[in-house]
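Features as listed in TrEMBL:
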- Ser59, Gly60, Gly61, Thr62, Asp63, Ser64: ATP binding site (BINDING)
- 54-229: domain 'tRNA(Ile)-lysidine/2-thiocytidine synthase N-terminal' (DOMAIN)
- 283-343: domain 'tRNA(Ile)-lysidine synthase substrate-binding' (DOMAIN)
Amino acid sequence: MPGSPDSTAEPAVTGGEGMEAMVEQRRGKLHPAVARTREAVRATLSELPRGTTVLVACSGGTDSLALAAATAFEAPKLGLRAGAVVVDHGLQADSAHVAQTAAEQCRSLGLEPVLVREVEVGIEGGPEGAARTARYDALRDAADELAADVVLLAHTRDDQAETVLLGLGRGSGARSLAGMAPAVGLLRRPFLEVPRATTAAACIASGLRPWHDPHNDDPQYTRVRVRHEVLPVLEEALGPGVVEALARTAGLLRADADALDQLAADVAETALGRAEGQVRCDVGVLAEQPAALRTRVLRQAALEAGCRATDLTAGHVASVDALVTDWRGQRWIDLPQGIRAVRQGGFIILG
C-alpha cells in the first residue's frame, strides 16, 4: 500500500551482484547507502537493552528490505534478537506468493523468527486507511505472540514529506502536520531522515531485489498522487530540497505539538471528570485557557467519551468549543459514534 513499508520479491542476496557486494564489504569498501541505512538502524537499536526482541515490518519492497538487511546486520552486534513480520493484505491475486517470498528474503538475511500474517482489509476509512488499520493490528498481534518490545517500520524522509502535504490538504492542525513520530508505543521508524533514494541504492549495492508494489503507482490513492504529481511540481517551482524541508518542518512542529499536548494534559487533570460513562468538562477552567490548549482538552474529552480519532474533525471540536466561548443556549452538539455534547450549568457533558 502507498506510504507503507512497501513491497516483496525474489531471494534476498542473489547471484554475482550479492556475492560481489559482500566481498566488497569484507574488504572495507562499504557503499555509502548501506552505511547510511545501518547507521540509522544502529541509532535506533542502541537505545534498547540487550536481549530485546525486535521485529521488522517487511513487505519485501525497497524501503523495508533495506531495513531488514540493516537490522539483520546491526541487531546481533548489540545483543538483540531480530525477526520479521510480513503482512499479506490479500489485495492482489498473487499476494500470498509475494508475502512468502518476502519472508524467505528475511530468513536469508538472517532474521528469525519470521511470521506471515494474512489480514482482511475492511472498507472503513477508505482503502488506504483500512489497509493501514489491518496492518498495524497484525503487527501488534505478532509482537504480542513473540514477546517483542519493538516493531521497526521503514517509512523514509520522502514518506514524511508526503504525510505533511496530506495534512496540509486536509487543513489539519500542528499534530497532523508534525507527520509520523520516530517512536510511538512499540513502533520505531529508523529511516525518517533517510531519503528513499538511499534505501534503493542500498538494495542495489547489497544485491537485493525488491518487489515493486503496483499500488505505489495507482493514482486512485491520494498519497500516490502527492508522490508523483504534487511533489515534482513543488520541486520544479521551488527548487530542490522540498522533501527535506517538509520533513524538517514536521520535526519542528512535532516539538511544538508535544509541548502543547503536555500543557493540555495538565489542564485536563483539573478540567475533566469521569463518571457513569460520561466526561464532564469544567467550563470555568476551560474558559481561562488559550484556544490551543482548550481545544486539545475538548478533543481528549470527546475521544474519552467514545469518538474515534479518525472521525472526529476540527469542525466537531470547534462546535463543542463554542459551548465554552460562545454560549447562547445551544441545545447540544452531535459528534461521531453517537456521542452528544451538551452544556449543563457550568459543565459540558459528553456521552
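Including glycine, each Cβ sits where the backbone N, Cα and C put it.
Features per TrEMBL, on structure.
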residue	record	Cβ neighbours (10 Å)
Ser59	ATP binding site	29
Gly60	ATP binding site	30
Gly61	ATP binding site	25
Thr62	ATP binding site	29
Asp63	ATP binding site	29
Ser64	ATP binding site	30
Secondary structure content, the domain 'tRNA(Ile)-lysidine synthase substrate-binding' (283-343) (per DSSP, counts of residues):
35 helix, 6 strand, 20 coil
Collapsed DSSP category at Gly60 (ATP binding site):
coil
